[in-house]
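> Below are the features listed in TrEMBL for this protein:
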type     : residues : note
TRANSMEM : 5-28     : transmembrane segment
TRANSMEM : 40-66    : transmembrane segment
TRANSMEM : 128-149  : transmembrane segment
TRANSMEM : 161-179  : transmembrane segment
TRANSMEM : 233-256  : transmembrane segment
TRANSMEM : 282-308  : transmembrane segment
TRANSMEM : 328-347  : transmembrane segment
TRANSMEM : 353-374  : transmembrane segment
TRANSMEM : 386-409  : transmembrane segment
TRANSMEM : 415-436  : transmembrane segment
Amino acid sequence: QNVSLYFQVGLISGICMIVGTIIGSGIFVSPKSVLINVGAVGPCLTIWAACGILATLGALCFAELGTMITKSGGEYPYLMEAFGPIPAFLFSWTSLLVTKPSSFAIICLSFAEYASAPFYPGCSPPQVVIKCLAAAAIVVITIVNSLSVKLGSYLQNFLTAAKMIIVTIIIVSGIVLLAQGKTENFKDSFEDSKISVSSISLAFYNGLWAYDGWNQLNYITEELKNPYRNLPLSIIIGIPLVTVCYVLINISYFTVMTSTELLQSQAVAVTFGDRVLYPASWIVPLFVAFSTIGSANGTCFTAGRLVYVAGREGHMLKVLSYISVKRLTPAPAIIFYGAIAIIYIIPGDINTLINYFSFAVWIFYGLTVLALIVMRFTRKELQRPIRIPIIIPVTVTLVSILLVLAPIITAPELAYLYCVLFILSGLIVYVLFVHFKFNWPQKISKPITMHLQMLLEVVPAEEVTE
């Protein structure tokens, strides 16, 4: 019996996957942080639009990579082809232990903040409540995704519909208010703005956090129907759609709140709801909660695939790459990932986690796009069904270098140093276990693997024939 992952994602599901994964907690958490960094309405809206453009360009680079090297697992196989196993290993090391679980944790924490807000009117909910709720959310999502691909995918489509409803409500009420002449907050919108290289890059971090997920389809290239047509199409339709939504949502926020009021708000969308939709303002936290859960679900769905690919290459514990016999899901990977995300929730607060996350993730986005440029020269023989102008990857690489270096140079913090050291500590692990292939972990893990296999009913995936 051949056990391998199953092709079942079409164009509409692809667009839903992009829109569904991108629009999550970010647009309800980030507007405040973007505004804090630039200080005025004009530059704030400009940054939201610029982030959308950057995400689209980045995704187009990924589309060329994804159709040239049609393996699932996101950046992993591309780094492997261009620079060899070490950067690829460092990427999977960082993703598995930093970026993916921390993003899962950020999303579930945002969910918990919005979900508990209505029960504590007028004050912020106690941290214990928020953290327990977030942990519960992680457990539920992990279980759903381990049980069934279809269930995970249906849940995704339902939650995408829910979040499109709340986005539409906010945008439409904003347009109505604009039509009624509520434009006073947009007059002289570039006054009092505080622009510096560091403030812009931190504003970008927060804006781009809201767009994160633009590369999610590359994680499931192996599961897309007709990827050459559907991958670029999903990107070209999906991301600009999200950008328009984001800019309009921010405009809606500003029709009701001045910049000062927006900065004082506990949860921006809830304040908006209280002012515009009262007495039906409970709709907002409810739908925002749906939206963040949807985003967490999408992240979980794709990150499970990443662990699975790294396990398959022998860069992670073998058992992580196994697939459930009955359910055809990478269950061990998903469970492992949920467990680490729960560890991040314990000390973490949202803004610090976002800065860590963006810093680490843009190091590898930059490297991956650089890989595209390098392979134009070193791997000319590879088929490129989608070929983008070379100026796009060059721009994206330069921007990502700026994004990574600017905060370190202008406002250095120890956190960034720890982050770099952690990424580099992967080298030690690589040398010991992948390069020299020490045997004792194998001896210890053999019996554990066997018991886990029996417990979870999982088997190795058949080697995919190239």
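Cβ atoms here come from the backbone N, Cα and C positions, even for glycine.
Nobody curates TrEMBL annotations by hand; they come from automatic prediction.
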> Quick one: find which recorded stretch in 40-66, 128-149, 282-308, 415-436 has the most Cβ pairs under 8 Å with the transmembrane segment (233-256).
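Looking only at 40-66, 128-149, 282-308, 415-436, the most contacts with the transmembrane segment (233-256) come from 40-66.
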> In the same chain, which residue numbers or ranges, 6 or more beyond the ends of the transmembrane segment (282-308), come under 8 angstroms Cβ to Cβ?
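Contacts with the transmembrane segment (282-308): 5, 17, 20-26, 28, 72-74, 76, 92, 95-96, 100, 103-104, 107-108, 110-111, 114-115, 117-118, 137-138, 141-142, 144-145, 152-153, 155-156, 159-160, 162-163, 165-167, 169, 213, 216, 219-220, 267, 269-270, 272-273, 316, 320-321, 323, 329-330, 333-334, 336-338, 461.
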> In the same chain, which residue numbers or ranges, 6 or more beyond the ends of the transmembrane segment (328-347), come under 8 angstroms Cβ to Cβ?
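Distant Cβ neighbours of the transmembrane segment (328-347) are 3, 5-6, 96-97, 100-102, 104-105, 108-109, 131, 134-135, 138-139, 141-142, 145-149, 152, 300, 303-308, 311, 319-322, 353, 452, 456, 458.
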> Is the transmembrane segment (415-436) packed against any residues at least 6 beyond its ends, judged by a Cβ distance under 8 Å, and which are they?
85-86, 89-90, 93-94, 97-98, 314-315, 352, 355-356, 359-360, 363, 407-408
